[in-house]
Amino acid sequence: MSAEIIDGKATAKLVRDDVADGVAELVAAGGTAPGLATVLIGDDPASEVYIRNKRRACTAAGMTDLHQHLPGDADQETAAALIDRLAADPAVSGILLQLPVPVHLDPDALLARIPADKDVDGLTTANAGLLAQGRPGLRPCTPSGVMVLFDRHGVELEGAEAVVVGRSVLVGKPMAQLLLERNATVTLCHSRTRDLAEVCRRAEVLVVAAGIPGLIGPDHVRPGGTVIDVGIHREAGGLCGDVDSAVSEVAGRLTPVPGGVGPMTIAMLLANTLTAARRLQGMGER
Ligand code: NAP
(Lines of atoms letter the chains of each structure in order from A and count residues from 1; the text may use other names and numbers.)
(Lines give C-alpha, C1' and ligand atoms only; values in the text may rest on other atoms or scores of the structure.)
Protein backbone atom coordinates (compact mmCIF):
# COMPACT_ATOMS: atom_id res chain seq x y z
CA MET A 1 0.00 0.00 0.00
CA SER A 2 1.20 3.50 -0.72
CA ALA A 3 -0.30 6.41 1.22
CA GLU A 4 -2.45 9.03 -0.46
CA ILE A 5 -0.44 12.24 -0.47
CA ILE A 6 -2.17 15.24 1.11
CA ASP A 7 -1.26 18.12 -1.18
CA GLY A 8 -0.68 21.13 1.08
CA LYS A 9 0.36 23.33 -1.81
CA ALA A 10 -2.95 22.87 -3.63
CA THR A 11 -5.00 23.27 -0.42
CA ALA A 12 -3.05 26.40 0.51
CA LYS A 13 -3.85 27.88 -2.89
CA LEU A 14 -7.57 27.31 -2.27
CA VAL A 15 -7.29 29.08 1.10
CA ARG A 16 -5.31 31.98 -0.42
CA ASP A 17 -7.90 32.34 -3.20
CA ASP A 18 -10.71 32.40 -0.59
CA VAL A 19 -8.83 35.07 1.35
CA ALA A 20 -8.34 37.15 -1.82
CA ASP A 21 -12.10 36.93 -2.46
CA GLY A 22 -12.76 37.95 1.16
CA VAL A 23 -10.44 40.97 0.84
CA ALA A 24 -12.23 42.07 -2.34
CA GLU A 25 -15.61 41.68 -0.60
CA LEU A 26 -14.42 43.70 2.39
CA VAL A 27 -13.26 46.54 0.17
CA ALA A 28 -16.43 46.38 -1.97
CA ALA A 29 -18.50 46.67 1.22
CA GLY A 30 -16.76 49.96 2.06
CA GLY A 31 -14.01 48.54 4.29
CA THR A 32 -10.25 48.97 3.94
CA ALA A 33 -7.88 46.31 2.62
CA PRO A 34 -6.24 44.48 5.57
CA GLY A 35 -2.74 45.68 6.42
CA LEU A 36 -0.13 43.16 7.58
CA ALA A 37 2.87 44.49 9.51
CA THR A 38 5.61 41.87 9.50
CA VAL A 39 8.43 42.88 11.84
CA LEU A 40 11.96 41.66 11.19
CA ILE A 41 14.77 42.51 13.60
CA GLY A 42 18.24 41.81 12.23
CA ASP A 43 19.35 40.03 9.06
CA ASP A 44 19.00 36.31 9.73
CA PRO A 45 18.96 34.82 6.19
CA ALA A 46 16.30 32.15 6.95
CA SER A 47 14.03 34.77 8.56
CA GLU A 48 14.52 37.05 5.55
CA VAL A 49 13.27 34.26 3.25
CA TYR A 50 10.23 33.56 5.47
CA ILE A 51 9.38 37.27 5.63
CA ARG A 52 9.76 37.71 1.87
CA ASN A 53 7.33 34.83 1.24
CA LYS A 54 4.80 36.22 3.74
CA ARG A 55 4.97 39.71 2.21
CA ARG A 56 4.52 38.34 -1.32
CA ALA A 57 1.51 36.26 -0.30
CA CYS A 58 0.04 39.27 1.50
CA THR A 59 0.14 41.55 -1.56
CA ALA A 60 -1.00 38.71 -3.87
CA ALA A 61 -4.16 38.43 -1.72
CA GLY A 62 -4.84 42.18 -2.13
CA MET A 63 -3.63 43.13 1.35
CA THR A 64 -1.38 46.07 2.19
CA ASP A 65 2.22 45.20 3.02
CA LEU A 66 3.26 47.29 6.05
CA HIS A 67 6.59 45.52 6.65
CA GLN A 68 8.98 46.96 9.26
CA HIS A 69 12.69 46.22 9.58
CA LEU A 70 14.90 47.11 12.53
CA PRO A 71 18.69 46.65 12.58
CA GLY A 72 20.04 43.65 14.51
CA ASP A 73 21.46 45.94 17.24
CA ALA A 74 18.10 47.61 17.96
CA ASP A 75 17.46 47.67 21.73
CA GLN A 76 14.39 46.41 23.58
CA GLU A 77 12.93 49.92 23.96
CA THR A 78 13.17 50.62 20.23
CA ALA A 79 11.54 47.31 19.32
CA ALA A 80 8.82 47.82 21.95
CA ALA A 81 8.12 51.33 20.67
CA LEU A 82 7.72 50.01 17.12
CA ILE A 83 5.21 47.38 18.24
CA ASP A 84 3.31 50.00 20.28
CA ARG A 85 3.11 52.27 17.23
CA LEU A 86 1.78 49.42 15.05
CA ALA A 87 -0.68 48.45 17.80
CA ALA A 88 -2.13 51.97 17.77
CA ASP A 89 -2.20 52.37 13.97
CA PRO A 90 -5.69 51.74 12.51
CA ALA A 91 -4.13 50.84 9.11
CA VAL A 92 -2.51 47.80 10.74
CA SER A 93 -4.82 44.77 10.99
CA GLY A 94 -2.17 42.25 11.93
CA ILE A 95 1.30 42.30 13.52
CA LEU A 96 3.71 39.42 13.05
CA LEU A 97 7.00 39.49 14.95
CA GLN A 98 9.39 37.17 13.10
CA LEU A 99 11.09 34.79 15.54
CA PRO A 100 13.78 34.23 16.63
CA VAL A 101 14.74 37.81 17.52
CA PRO A 102 18.42 38.63 18.27
CA VAL A 103 19.52 37.08 21.58
CA HIS A 104 19.85 40.39 23.46
CA LEU A 105 16.08 40.95 23.07
CA ASP A 106 13.25 39.43 25.13
CA PRO A 107 10.76 37.97 22.61
CA ASP A 108 8.04 37.28 25.21
CA ALA A 109 8.03 40.89 26.37
CA LEU A 110 7.70 42.04 22.74
CA LEU A 111 4.92 39.54 21.93
CA ALA A 112 3.06 40.71 25.05
CA ARG A 113 2.74 44.20 23.52
CA ILE A 114 0.81 42.91 20.50
CA PRO A 115 -2.94 43.46 21.07
CA ALA A 116 -4.83 40.13 20.98
CA ASP A 117 -7.02 41.34 18.10
CA LYS A 118 -3.94 42.06 15.92
CA ASP A 119 -2.05 38.90 16.99
CA VAL A 120 -2.26 37.10 13.63
CA ASP A 121 0.33 34.51 14.72
CA GLY A 122 -1.95 33.56 17.66
CA LEU A 123 1.02 33.54 20.04
CA THR A 124 -0.03 35.99 22.77
CA THR A 125 -1.10 34.60 26.13
CA ALA A 126 -4.54 36.15 25.57
CA ASN A 127 -5.14 34.12 22.40
CA ALA A 128 -3.55 30.99 23.91
CA GLY A 129 -5.94 31.38 26.87
CA LEU A 130 -8.97 31.76 24.60
CA LEU A 131 -7.95 28.60 22.74
CA ALA A 132 -7.43 26.72 26.02
CA GLN A 133 -10.96 27.71 27.05
CA GLY A 134 -12.42 26.81 23.64
CA ARG A 135 -13.45 30.43 23.00
CA PRO A 136 -13.07 32.26 19.66
CA GLY A 137 -9.74 33.97 19.02
CA LEU A 138 -6.87 34.08 16.55
CA ARG A 139 -5.27 30.63 16.36
CA PRO A 140 -1.59 29.81 15.66
CA CYS A 141 -1.13 29.45 11.90
CA THR A 142 0.58 26.05 11.62
CA PRO A 143 -1.87 23.97 13.68
CA SER A 144 -4.89 25.76 12.21
CA GLY A 145 -3.46 24.97 8.76
CA VAL A 146 -3.32 21.30 9.75
CA MET A 147 -7.01 21.48 10.74
CA VAL A 148 -7.85 22.82 7.28
CA LEU A 149 -5.92 19.92 5.71
CA PHE A 150 -8.03 17.48 7.75
CA ASP A 151 -11.27 19.15 6.75
CA ARG A 152 -10.47 19.54 3.07
CA HIS A 153 -9.33 15.89 2.83
CA GLY A 154 -12.27 14.36 4.68
CA VAL A 155 -10.32 13.19 7.74
CA GLU A 156 -12.84 12.26 10.43
CA LEU A 157 -11.88 13.77 13.81
CA GLU A 158 -14.98 13.24 15.93
CA GLY A 159 -14.11 10.52 18.46
CA ALA A 160 -10.87 9.67 16.61
CA GLU A 161 -7.70 8.60 18.42
CA ALA A 162 -5.31 11.52 17.79
CA VAL A 163 -1.67 11.63 18.87
CA VAL A 164 0.44 14.79 18.71
CA VAL A 165 4.22 14.47 19.04
CA GLY A 166 5.72 17.70 20.45
CA ARG A 167 4.29 20.15 22.99
CA SER A 168 5.66 23.52 21.87
CA VAL A 169 3.61 26.67 22.33
CA LEU A 170 3.90 27.27 18.59
CA VAL A 171 2.69 23.89 17.30
CA GLY A 172 2.14 20.89 19.60
CA LYS A 173 0.03 22.41 22.41
CA PRO A 174 -2.36 24.42 20.22
CA MET A 175 -2.59 21.42 17.84
CA ALA A 176 -3.75 19.19 20.70
CA GLN A 177 -6.28 21.82 21.80
CA LEU A 178 -7.69 22.27 18.29
CA LEU A 179 -8.12 18.50 17.96
CA LEU A 180 -9.81 18.38 21.35
CA GLU A 181 -12.14 21.19 20.28
CA ARG A 182 -13.23 18.88 17.44
CA ASN A 183 -13.88 15.99 19.83
CA ALA A 184 -10.86 13.84 19.02
CA THR A 185 -9.42 11.78 21.88
CA VAL A 186 -6.02 13.42 22.17
CA THR A 187 -2.68 12.16 23.51
CA LEU A 188 0.22 14.62 23.65
CA CYS A 189 3.74 13.14 23.48
CA HIS A 190 7.08 14.79 24.28
CA SER A 191 10.71 13.95 24.91
CA ARG A 192 9.89 12.15 28.18
CA THR A 193 7.19 9.92 26.67
CA ARG A 194 7.88 6.24 27.36
CA ASP A 195 7.64 4.01 24.26
CA LEU A 196 6.76 6.62 21.68
CA ALA A 197 6.18 3.99 18.97
CA GLU A 198 3.60 2.19 21.06
CA VAL A 199 1.67 5.40 21.79
CA CYS A 200 1.83 6.61 18.18
CA ARG A 201 0.58 3.28 16.81
CA ARG A 202 -2.80 3.98 18.47
CA ALA A 203 -3.29 7.05 16.32
CA GLU A 204 -5.89 7.23 13.60
CA VAL A 205 -4.53 10.77 13.25
CA LEU A 206 -0.84 11.38 14.01
CA VAL A 207 0.64 14.91 13.95
CA VAL A 208 4.41 15.08 14.34
CA ALA A 209 6.15 18.31 15.39
CA ALA A 210 9.28 17.21 17.26
CA GLY A 211 11.98 18.82 15.14
CA ILE A 212 13.95 15.55 14.73
CA PRO A 213 14.50 14.31 11.16
CA GLY A 214 13.07 10.83 10.56
CA LEU A 215 11.93 10.37 14.20
CA ILE A 216 8.76 8.60 13.10
CA GLY A 217 9.24 5.34 11.20
CA PRO A 218 6.81 2.69 9.90
CA ASP A 219 6.70 0.99 13.33
CA HIS A 220 5.20 4.20 14.83
CA VAL A 221 2.25 4.23 12.46
CA ARG A 222 -1.14 2.55 12.58
CA PRO A 223 -1.88 0.92 9.21
CA GLY A 224 -4.18 3.20 7.23
CA GLY A 225 -3.77 6.13 9.65
CA THR A 226 -3.40 9.78 8.66
CA VAL A 227 0.08 11.20 9.29
CA ILE A 228 0.85 14.92 9.28
CA ASP A 229 4.52 15.86 9.21
CA VAL A 230 5.09 19.36 10.57
CA GLY A 231 8.88 19.00 10.85
CA ILE A 232 11.11 20.76 8.39
CA HIS A 233 14.86 20.24 8.05
CA ARG A 234 17.37 21.36 5.47
CA GLU A 235 19.60 18.34 4.75
CA ALA A 236 22.23 17.71 2.08
CA GLY A 237 19.66 16.00 -0.15
CA GLY A 238 17.07 18.81 0.25
CA LEU A 239 14.20 19.41 2.67
CA CYS A 240 12.86 16.60 4.86
CA GLY A 241 10.49 16.23 7.79
CA ASP A 242 10.22 14.36 11.09
CA VAL A 243 8.62 11.37 9.33
CA ASP A 244 10.67 8.76 7.50
CA SER A 245 9.68 8.25 3.86
CA ALA A 246 9.07 4.50 4.50
CA VAL A 247 5.96 5.52 6.46
CA SER A 248 4.16 5.95 3.13
CA GLU A 249 3.98 2.11 2.94
CA VAL A 250 1.94 1.94 6.16
CA ALA A 251 -0.05 5.18 6.44
CA GLY A 252 -3.32 5.76 4.62
CA ARG A 253 -2.67 9.47 4.10
CA LEU A 254 0.52 11.47 4.51
CA THR A 255 1.71 15.07 4.06
CA PRO A 256 4.92 15.49 2.07
CA VAL A 257 7.88 17.74 3.00
CA PRO A 258 8.09 20.10 1.22
CA GLY A 259 4.58 20.84 -0.04
CA GLY A 260 2.57 19.70 2.99
CA VAL A 261 2.12 21.77 6.14
CA GLY A 262 4.58 24.55 5.18
CA PRO A 263 2.41 26.26 2.52
CA MET A 264 -0.60 26.07 4.86
CA THR A 265 1.17 28.16 7.51
CA ILE A 266 1.40 31.22 5.25
CA ALA A 267 -2.13 30.69 3.93
CA MET A 268 -3.48 30.70 7.50
CA LEU A 269 -1.52 33.86 8.31
CA LEU A 270 -3.46 35.55 5.51
CA ALA A 271 -6.74 34.06 6.75
CA ASN A 272 -6.02 35.35 10.27
CA THR A 273 -5.15 38.81 8.93
CA LEU A 274 -8.46 38.97 7.06
CA THR A 275 -10.35 37.82 10.18
CA ALA A 276 -8.56 40.48 12.26
CA ALA A 277 -9.31 43.21 9.69
CA ARG A 278 -13.00 42.30 9.57
CA ARG A 279 -13.28 42.40 13.35
CA LEU A 280 -11.32 45.65 13.69
CA GLN A 281 -13.49 47.28 11.02
CA GLY A 282 -16.70 45.94 12.55
CA MET A 283 -17.47 44.02 9.37
CA GLY A 284 -18.18 40.69 11.14
CA GLU A 285 -17.07 37.30 9.90
CA ARG A 286 -17.99 35.40 6.81
P1 NAP B 1 10.30 22.77 19.48
O2 NAP B 1 9.84 24.04 20.13
O3 NAP B 1 11.73 22.42 19.45
O4 NAP B 1 9.49 21.57 20.20
C5 NAP B 1 9.78 20.24 19.91
C6 NAP B 1 8.91 19.35 20.75
O7 NAP B 1 9.20 18.00 20.41
C8 NAP B 1 9.12 19.48 22.25
O9 NAP B 1 7.90 19.51 22.92
C10 NAP B 1 9.91 18.24 22.61
O11 NAP B 1 9.63 17.71 23.89
C12 NAP B 1 9.41 17.24 21.58
N13 NAP B 1 10.41 16.19 21.34
C14 NAP B 1 11.72 16.34 21.14
N15 NAP B 1 12.30 15.13 20.99
C16 NAP B 1 11.33 14.22 21.12
C17 NAP B 1 11.31 12.79 21.08
N18 NAP B 1 12.43 12.08 20.90
N19 NAP B 1 10.13 12.17 21.25
C20 NAP B 1 8.99 12.88 21.43
N21 NAP B 1 8.96 14.23 21.48
C22 NAP B 1 10.11 14.89 21.32
O23 NAP B 1 9.80 22.70 17.97
P24 NAP B 1 8.54 23.37 17.21
O25 NAP B 1 8.72 24.85 17.13
O26 NAP B 1 7.26 22.83 17.74
O27 NAP B 1 8.80 22.77 15.75
C28 NAP B 1 8.83 21.39 15.50
C29 NAP B 1 9.22 21.15 14.06
O30 NAP B 1 8.25 21.73 13.21
C31 NAP B 1 10.55 21.78 13.64
O32 NAP B 1 11.17 20.93 12.69
C33 NAP B 1 10.13 23.08 12.99
O34 NAP B 1 11.08 23.52 12.03
C35 NAP B 1 8.85 22.64 12.32
N36 NAP B 1 7.91 23.72 12.06
C37 NAP B 1 7.36 23.77 10.82
C38 NAP B 1 6.41 24.73 10.53
C39 NAP B 1 5.83 24.74 9.17
O40 NAP B 1 5.21 25.73 8.79
N41 NAP B 1 5.94 23.65 8.41
C42 NAP B 1 6.02 25.66 11.49
C43 NAP B 1 6.58 25.57 12.78
C44 NAP B 1 7.52 24.58 13.05
P45 NAP B 1 10.00 18.48 25.27
O46 NAP B 1 8.92 19.54 25.43
O47 NAP B 1 9.91 17.42 26.30
O48 NAP B 1 11.36 19.07 25.09
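Every residue, even glycine, has its Cβ placed from backbone N, Cα and C.
Unlike curated entries, TrEMBL annotations are predicted automatically.
As written in TrEMBL, here are the features:
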type	residues	note
BINDING	GLY166, ARG167, SER168, ILE232	NADP(+) binding site
DOMAIN	6-121	domain 'Tetrahydrofolate dehydrogenase/cyclohydrolase catalytic'
DOMAIN	140-279	domain 'Tetrahydrofolate dehydrogenase/cyclohydrolase NAD(P)-binding'
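Positions of the features from TrEMBL, shown on the structure.
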residue : record               : Cβ contacts under 8 Å, 6 or more apart
GLY166  : NADP(+) binding site : GLY172, CYS189, HIS190, VAL208, ALA209, ALA210, GLY211, VAL230
ARG167  : NADP(+) binding site : LYS173, ALA176, LEU188, CYS189, HIS190
SER168  : NADP(+) binding site : ALA209
ILE232  : NADP(+) binding site : LEU239, GLY241, VAL257, PRO258, GLY262
The domain 'Tetrahydrofolate dehydrogenase/cyclohydrolase NAD(P)-binding' (140-279): DSSP-derived helix, strand, coil residue counts
54 helix, 28 strand, 58 coil
Taking the residues GLY166, ARG167, SER168, ILE232, which the record names as binding NADP(+), find the longest CA to CA distance and state it in Å to the nearest whole number.
16
